[in-house]
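Enquirer: Please read through the structure below; I'll follow up with questions.
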Amino acid sequence: MAEVMFVLTFGAPVLFLLLCLYVYAALIRKQAYPALRLATRVMVRLRQAMMVDVFFVSTLVAYIKLSSVAEVRFGSAFYLMFALSVMLIRTSVSVPQHWVYFQIGRLTGDNAVQTASEGKTCCSRCLYFRDSAESPCGVCGAELYRRRPKSLSISSAFLTAAVILYFPANILPIMISSNPAATEVNTILNGIAYMWDEGDRLIAAVIFSASILVPVLKIAAMSVLIASARFALPTGAKKLSHLYRITEAVGRWSMIDIFVIIILMCSFHTYAARVIPGSAAVYFCLVVILTMLSAYYFDPRLLWDKRASDGIAFNETEKHD
């Protein structure tokens, strides 16, 4: 658990910022540094792995829970963490990745184009069109394919595993708190009900949304997307593409409950009071990771392919939207 939090809240952001400095320094100095394309590719992929903002919200949730049993004050790092969250979000969205790859192409003399033509394949990473026979992509160095190989099979496998693990994640205890007088075992639903009864309804709603609503909706959304790519359901491809982008963006917020448990575990680790994670915490963490992987390996272009193969024109598909 601690290793997961370290990677998501410290390791990934530090590596992302170092790669940003490396890539942007090369662009500013107009020099093609070694492994510049690889550094850019890793930098782009780390965007979803950074969860400082999720951890910040988890800190607020843990603060409210701790305030009922102890006096809690925020240190200066709390406010710095908020500033870091804002700056990381701003940094990750400020520069489009295709622009960065275009500037790298100018440094290396590569003529990257964004115009579709016969015999060209659009790279799913840098969004530039390359010769279909070319692999890896000459712009970003990623593997070039018309559609991700076995996308539906891999995405379905991860989603199926997430569905299977979701049941023990909600049935088994997720947090065990103990003191010399008693030991209390809580599941996710028990914890939400307890906070609701104690009057912390806003926090109960936040945890319910992050721990119950978001995973269920993400599993349902991925099921619809995979089924649509296989069988061309009547929903318009444009709406399904929007659904995919939303699903990919919100999945990481389910980690709030895991971060709250880790914070409480660190706060109560004495003989008088102790909090330890239950087995459900591991299952729930795996559910979040598996659903993120399911979305990552899903190729949204398949949503349009199935409709085209069934004789549905793109302009006809848009009428459903």
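Every residue gets a Cβ built from N, Cα and C, even glycine.
In TrEMBL, annotation is done automatically, which means it is predicted and not curated.
Copied straight from TrEMBL:
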type	residues	note
TRANSMEM	6-28	transmembrane segment
TRANSMEM	49-66	transmembrane segment
TRANSMEM	156-176	transmembrane segment
TRANSMEM	202-233	transmembrane segment
TRANSMEM	254-274	transmembrane segment
TRANSMEM	280-298	transmembrane segment
Enquirer: If we call contact 3 or more Cβ pairs under 8 Å (sequence gap 6 or more), are the transmembrane segment (280-298) and the transmembrane segment (6-28) touching?
Expert: no
Enquirer: In the same chain, who gets a Cβ under 8 Å from the transmembrane segment (156-176) while lying at least 6 residues past its ends?
Expert: 183-189, 191, 212, 215, 219, 222-223, 226, 257, 261, 264, 275-281, 283-284, 286-287, 290-291, 293-294, 297
Enquirer: Report, as numbers and ranges, which residues of the same chain sit near the transmembrane segment (49-66): CB under 8 Å and 6 or more residues beyond its ends.
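Expert: For the transmembrane segment (49-66), the list is 5, 7-9, 12-13, 16, 72, 74, 78, 81-82, 84-85, 88-89, 92, 195, 200, 203, 206-207, 252-253, 255-256, 259-260, 263-264, 267.
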